[in-house]
Amino acid sequence: MAPAADGKVTGLLAATFTPFTAQGEVNLSVIGPYVDYLKEKQGVKGIFVNGTTGESMSLSVAERKVLAEEWCLKAKGKMDSTIVHVGCMSLKDSQDLARHAAEIGADGIAVISPSFFKPKSAHALRRFLQEVALAAPNLPFYYYTIPAFTGVNVPVRDVIEDIEKLIPTFRGVKFSGSDLLDFGQCVSYSQPHWSVLYGVDEQLLAALAMGANGAVGSTYNYMGCYVNQLISAFETGDLVTARTIQFKIQELVGYAIKLGFDIGVNKQLMMEVSGLPLGPPRLPVMPCPPNHSKLIIQKYHSIFD
Ligand SMILES: CC(=O)N[C@H](C=O)[C@@H](O)[C@H](O)[C@H](O)CO
Ligand SMILES: CC(=O)C(=O)O
């Protein structure tokens, strides 16, 4: 997946963690070194900020703005794409963040459906997305589905039907669900200038076979270098190598799920692998228990070293 000349997003994007101080305040000073780590050590060429992994729904709008600004600033000239997630429960907050993302030079915005008052139809969801997109009329727009978290199960294929008539800036989907029927139908309907990006890292290979243009995920923070090898192997038709790497990722994620995988555990793993001081997660997410962190990092090294 060579970078496309037309700005189309391809390859691997890391869904970044939000660095906090030990006291739980946003810690902007880590973002510069974090970008360098992703580029130099993980070979990651894009970032997806303030998403699920970044605990966006636990951040204030003001925090999301300073974070987005710092990520864009530090990623400039280093990352091929910086996508800022701007979805909120309130349309007004989402529009505010969308306008802000345009001002700070983000390469695109993504929006998750509101999940307290859930849209009851594809139409309602499309109208919400449209109103957010209109606040940043020049920015590439991505719909982000993550049904396990939102409880919103509107088929994405229904959301994207003739979507450019509503949202001329529509450029793709970040698909963090395991419904490969819906995913395949999105790829099959996708336009040449769209990117259909997959977000369930432990089954990326299946999505690549189905035609994914790229991947956005939390584990690319610390396994990006291996997943780049998986993608290259897939592209050269070496499915044996691609599967070997995918199975290693499944072994780690499967192990973490058994222990209780959440953003606290995931963030701890990233801190241990990268050495970056990312701080604790924010309540209600709890910090990773020290015994779990030890076991998971041992597992990581036993699989990848
Ligand atoms: C819930 C969540 O964080 N999903 C991420 C992206 O959407 C994934 O990258 C997962 O963290 C990853 O696939 C591990 O399960
Ligand atoms: C994983 C992902 O894409 C997110 O954190 O939003």
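Using the three backbone atoms N, Cα and C, a Cβ is placed for every residue, glycine included.
TrEMBL annotations: computationally assigned, not manually curated.
Taken verbatim from TrEMBL:
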type     : residues  : note
ACT_SITE : Y144      : active site, proton donor/acceptor
ACT_SITE : K174      : active site, schiff-base intermediate with substrate
BINDING  : T53, V216 : pyruvate binding site
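Cα of K174 (active site, schiff-base intermediate with substrate) to Cα of T53 (pyruvate binding site): a distance of 14 Å. Separation of the C-alpha atoms of Y144 (active site, proton donor/acceptor) and T53 (pyruvate binding site): 13 Å, rounded to the nearest whole number. Neighbour count (other Cβ atoms within 10 Å of the Cβ, all protein chains): 29 for K174 (active site, schiff-base intermediate with substrate). Look at Y144 (active site, proton donor/acceptor): DSSP puts it in a strand. Proximity to ligand 1 at the level of Cβ atoms, with a cut-off under 6 angstroms, picks out T53 from the recorded positions T53, Y144, K174.
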